[in-house]
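Engineer: For 1-88, the entry in TrEMBL reads domain '2Fe-2S ferredoxin-type'. The [2Fe-2S] cluster 1 binding site feature in TrEMBL is assigned to C40, C45, C48, C70. Under the heading [2Fe-2S] cluster 2 binding site, TrEMBL lists C109, C112, C144, C146. Annotated domain 'FAD-binding PCMH-type' per TrEMBL: 219-397, in sequence order. What TrEMBL records for F321, K404 is FAD binding site. The Mo-molybdopterin binding site annotation in TrEMBL covers Q710, F741, R855, G1020. TrEMBL lists E1199 with the feature active site, proton acceptor.
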Amino acid sequence: MSVLFNVNGRDVHADALDPELSLADYLRNSLGLRGTKLACEEGVCGSCTVVLGEWDERENRAHYSSVNACLVPAFQVHGKFVITVEGIGSADKLHPIQERLVKGHGVQCGFCSPGFVMSAYALLRNNPTPTIDEITRAVRSNLCRCTGYRPILESLYSFSDACCGGGATNGKCCRDKPNSVYEEKLATFADSPKYDPTQELIFPPSLRAIEPNDSVEVLKGSRVDVHIPKSLKQLEEVLDENQGVKVVSSGLITRMITASKATTSEKWVSTRHIPEFSRITKEGAILRIGSSVSIEKFVEAIICHCHENVRSQIEKFFHQFSSAQVANFATWTGSIVMAARSRVAVNDLLILFETLNWKLTVLLKNGERRVVTIAEWFESELLDRVVIDALIDTTENRRVFFYKIGESATNDSTIFNFAAALSPNRINIGVGGRPVRLEPLEEHLEICRDPESMLNYCGQCLKVDDGAKKRLMKAVVSKFWEFLEETEPIEESNFSYLQFYKPKNANCVGRPLANHYGERAITGETVYVNDIKTYDALYIGVVLSTHAHAEILSIDPSEALKLDGVEGFFSVKDVPGLNVPGLDATNVVFPDDTPIFADGKVESIGQIIGAIAASDQRLARRAAKLVKVDYKPLKALIDFKEAREANSLHGKVQNYGKPLDEINAALDSCEHVVDGEISIGGQDHLYMEPQSSLVIPGEDNEFVVHCSTQGTGFTQVMMAKALNIPAHKIIVKTKRLGGGFGGKVNVATWLATICAIAARRLKKPVFGCYTRNEDLLITGKRHAVYAKYRVGFESSGKVKALHYEAYLNGGWSKDHTEGVTMVLGLTSSDVYDYEMYRLDGYPVKTNTNSNTAMRGYGIPQQKLMNEEVMRRIAFIVGKKAEDVKELNFLHEGGFNFCGQQIRDDALIECWRACKQLSDFEKREKLVDEFNKSSKLAKRGLAISTVRFGLPHPGPSHGSASVLINIDGSVQLTIGGTEMGQGLNTKMMQVCAEALNRPIDEIAIIDTSTDKLVNAPETGGSQNADVHGLAVKACCDRLLQGLKSILEKNDGDWHKAVIEAYGKVVPLQCTEYGHVKRAEFGVKPHETPYTTTGACAVEVEIDCLTGLNKLRRVDIVMDVGESLNPAIDIGQIEGAFMQAYGLVTSERITFDAAGKLEQASLGKYKVPRADQVPPVFNVKLLGVEKHKNTQVYSSKGIGEPPLIMSAGAIHSALMKSIESQRAQNGIGGFAASVSPLHAQQIVDLCNA
């Protein structure tokens, strides 16, 4: 069978497509369209979004929809128009969507950018003048971990008539303000190119001219054959002739499940090409919707044809939660069939069918049709029969109510739902499988006087013993009561985003320039490791441990090696050098006992045992599952508490501060002494680009390594030790990362090493790229912390003595655990002046993920510890937490408990400015008034701070090389890695400023060990400092040599360069960035300056469901004279949303066997675009103090905003919880727990 479709205006005839092949794989690997990114391969992140166009003969026009190309089987796009990001614009000619996203600073790492573009493109193709809400819905299924979404949303909102970019305000910007010290906008869009639908690619006439083939067609794959009938009769014949055949409508879930199997031989039958199955018809009052119709079109048909009472509720029900990309391709039938067969899944369509008595037409074995209700469908043997269509009575005009609850407020799978149709009453609740009908409630609804009486009737037919489900039942019944009483809250959709910064009159530094590769990223032209094309490459599939702790008795790869295309298996026996290179003396970071391959035993589920090399990535992954490993289980320490009690440690206990006897004596003398504890969960980095490496072998044991690493120098040295060759044989290159956040140092290095071991033996290039599931299982997280404290204080709230015992969950190997423990200890007094202080740090070993560096490196955890202490003191002395914080601030010029003097600090200025910007005191009163009047929702308002010393004590290894070409253009390379934080753009600005050249003449090239060696890992927020100093030193040195020649040529740069070349004056230079502490009176263990900030957050919680939302955020930070305000504000906003996930939705838990329970992106809940606060203000204060220790008077950014944001969000949530506890008559202090997910919030509100 030949599959015919069109991609970006080019007809494609694909013969012999494997049914298991996804559209994304075909686009990337067969057509070379690498702008379609793969970040999760489960349809959750949106990075692979493309647009499908389909011709509607009845309407005589095309419909366009966004879909997840990673889920769509390639064979299912027959006859469709596929549009990818490459098809709508290029860096030379941007599409209006792309232009606005670049202009609006909506690009950071850039990996997710093409997906956002295509989601927005699908919307505009169908609706050129969307509303703000429609834009938000269109992109909320796209994840971004860098930007915090605000710049993306604001750029896209400009297409709405409600915004200036869309035509409002008569061509003026809605945020134009009178001149002041501060600008209030990073970008405006009034002069941006308008969207013109007439300029888009037309639907290809060739697709409309495809001659239909009326016969059954068959696609044969390596493991799966798919039959494609074109009529109902043909379908019956295929079903009769093929026992055990799987019926697929969209094929999304079936393909994904099949792909996860190591071995299989299956037959599918696709119903998508049977006309009757794709029709939507109305016969009198009955609306028929074919079984191959997508969920989105199903809902659209209901909205179009049904009564207002029904359609308004259904529209709200689905638009609030569903993923556009999935709903656009997945069929309604697939949804209900999968849920019905699982018997545990909660399904939104099923409850609608049950409540509104919609019916199904099913095909019987004898070819007859039967119309059945959902109840009849469940109670018979019809679940395995083909569904033809749905029958919906459009005269249904009863008042209806639908409600669902997920773990997150929006865009989440359902865990509980409820539906009611009134007069006559029909009420159902969904707890898994078939919805349960609540007949007692139906009969007695009119006499119910409150939610409690309604709950009693529910309990008569539904026994719920689980506490969480009882909570959810109470929540949905209470929401139903609000509906009956017509007291449902009105949702607001207004937004206000402001960014304040001081404009700077400079050649380049200080200007809010866009990301230097933004135009390439937004068009899909940027190349990440997994996008590199190379000849005859092999692919790695990793064999992972399925036990948390066990001896390895045997490893048998024989079944895997039998598969055609598999070229080798590799394990610890194949490591030429050190299997644990992190313990070698050349590792100057922290000793790391992580082995590349398990050696005799495994210590965690997800530990790498071996690797398969094969000709195809899908084959390599499938073959890896065939490797048989026999284990002898050993005692595993999964539970953090159990590991603490067993004194299972990585190294020694670390002690900081005063001796224990002095602390105890001080505590004994205090007016008040209390002790407590706090539990803080971990967090995954969730960078959008998975760990990736490409190793190309050369002659004489040489290797070129393209690796998604934050430390090219570290990767080079560790690989050399593992391969037992000198480091100069290995060149490690990194162009950019699709996000890092600390997670791409050690793990990236071990993946590159595995690829190199295979490449060395097989003499071929070897790719390695983890699936998201593998990445989540293998890569460590932010360290979970359990802390105990004992604090002594005066009645004023002034702390006199404080002792912490902090236990960090390090996981199964050391990785960065000892370093994170050290940093947590050294910074643990936070921003406070504690007279007597001590922290004991315990790096705990467990048989779970080996935790690693993550943005903040232990400091966010100590921030939450200190927030707890301040809140506890305030509770006891009867003061506001903010007043207690202010009383205990350590001021500029003072010394912290480590003896480090606080220099160049603007903490107090940020605190005061944030209170003013947020109108804190006035809004505090408004929050109190709201909480007094609201019974089921509570608000909290809190402010927190950060003080972050930079550059860090110890040697600075910033490095740079500047080369001036004979035509005057400049090449720049630095030792740091660009990973979305804007480092490369800032360094280009520094170089342009120092040389006094236009930035267009500066090009920054790969970070590479053949240009700069021994470069440190990129992180710690100091990279613009140390590498900026190096760049400036290079430029200063070059200008010294050029000075006289420039003067002679009247400043003509190009003439001077040519003359300098002729005179053999050096036109290239390499320098280190060295912080000369002694020159400024700064001691070796001190930092020259601090980055400071304050963050005010207002939240609201639903006390029934535990769901929360951000209402307003105001952030003030001092970053000196910003090198680039757009980059710095972007870092602040992105850090804020990452902090929001840290303290709310991002859970890391393990089952009893030690398996990560969030080992897929669908289960790991990161914040989405529709969770951005509607009011989001950021201000760069620009305090002018000591300027000699920084690059152009700037300060570092990156981690500080996450730290203060975590503290402010968590404290605001705890305040809202405290208000509900008070209403419920619960006395006593509520100890902090993080993250505050929905269940946790409800538990704290009620106990």
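From the backbone N, Cα and C atoms, a Cβ is placed for every residue, glycine too.
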Engineer: List, in sequence order, the residues of the same chain other than C109, C112, C144, C146 whose Cβ lies within 8 Å of the centroid of the Cβ atoms of the recorded [2Fe-2S] cluster 2 site.
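Structural biologist: Residues close to the [2Fe-2S] cluster 2 site, other than C109, C112, C144, C146: V107, Q108, G110, F111, S113, L143, R145, T147, M688, G738, G739, G980, G1134.
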Engineer: Determine which residues of this chain, when C40, C45, C48, C70 are set aside, have a Cβ within 8 Å of the centroid of the [2Fe-2S] cluster 1 site's Cβ atoms, and list them as they appear in the sequence.
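Structural biologist: Near the [2Fe-2S] cluster 1 site, the remaining chain residues are A24, K37, L38, A39, E41, E42, G43, V44, G46, S47, N68, A69, L71, G115, R772, L1161.
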Engineer: Inside 8 A of the center formed by the CB atoms of Q710, F741, R855, G1020, which other residues of the chain have their CB, for the recorded Mo-molybdopterin site?
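Structural biologist: Filtered neighbour residues, in order: G740, G742, G743, A853, M854, Y857, M979, T1018, G1019, G1198, E1199.
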Engineer: Which ones, of the recorded positions C40, C45, K404, F741, E1199, have a Cα no more than 10 Å from the Cα of C144 ([2Fe-2S] cluster 2 binding site)?
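Structural biologist: So the list is C45.
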Engineer: Please count the residues of the domain '2Fe-2S ferredoxin-type' (1-88) that DSSP assigns to helix (H, G, I), strand (E, B) and coil.
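Structural biologist: With helix first, then strand, then coil, the domain '2Fe-2S ferredoxin-type' (1-88) has 15 helix, 33 strand, 40 coil.
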Engineer: Indicate the candidate from K404, R855 with the smallest number of other Cβ atoms within 10 Å of its Cβ, considering only these binding-site residues.
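Structural biologist: Comparing Cβ neighbours within 10 Å for the binding-site residues K404, R855, K404 has the fewest.
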Engineer: CB neighbours of C109 ([2Fe-2S] cluster 2 binding site) within 10 A?
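Structural biologist: Excluding its own Cβ, C109 ([2Fe-2S] cluster 2 binding site) sees 28 Cβ atoms within 10 Å.
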Engineer: Does anything in the same chain, at least 6 positions from C70 ([2Fe-2S] cluster 1 binding site), have a Cβ under 8 Å from its Cβ, and if so what?
Structural biologist: S22, L23, A24, L38, C40, E41, E42, G43, C48
Engineer: Of the recorded positions listed here (C45, C112, K404, E1199), which is spatially closest to R855 (Mo-molybdopterin binding site) when Cα positions are compared?
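Structural biologist: Looking at Cα distances from R855 (Mo-molybdopterin binding site), the smallest one goes to E1199.
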Engineer: If you run the three-state DSSP split on C144 ([2Fe-2S] cluster 2 binding site), which class comes out?
Structural biologist: coil
Engineer: Express the distance between the Cα positions of K404 (FAD binding site) and C45 ([2Fe-2S] cluster 1 binding site) as a whole number of Å.
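Structural biologist: Between the Cα atoms of K404 (FAD binding site) and C45 ([2Fe-2S] cluster 1 binding site), the distance comes to 22 Å.
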Engineer: Nearest to C112 ([2Fe-2S] cluster 2 binding site) by Cα distance: which of the recorded positions Q710, F741, G1020, E1199 is it?
Structural biologist: F741
Engineer: Measuring C-alpha to C-alpha, could you say which of the recorded positions C45, Q710, G1020, E1199 are within 10 Å of C146 ([2Fe-2S] cluster 2 binding site)?
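Structural biologist: Final answer: none.
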Engineer: Of all the recorded positions given, namely C45, C109, E1199, which is spatially nearest to G1020 (Mo-molybdopterin binding site) at the Cα level?
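Structural biologist: Sorting the recorded positions by distance from G1020 (Mo-molybdopterin binding site), the top entry is E1199.
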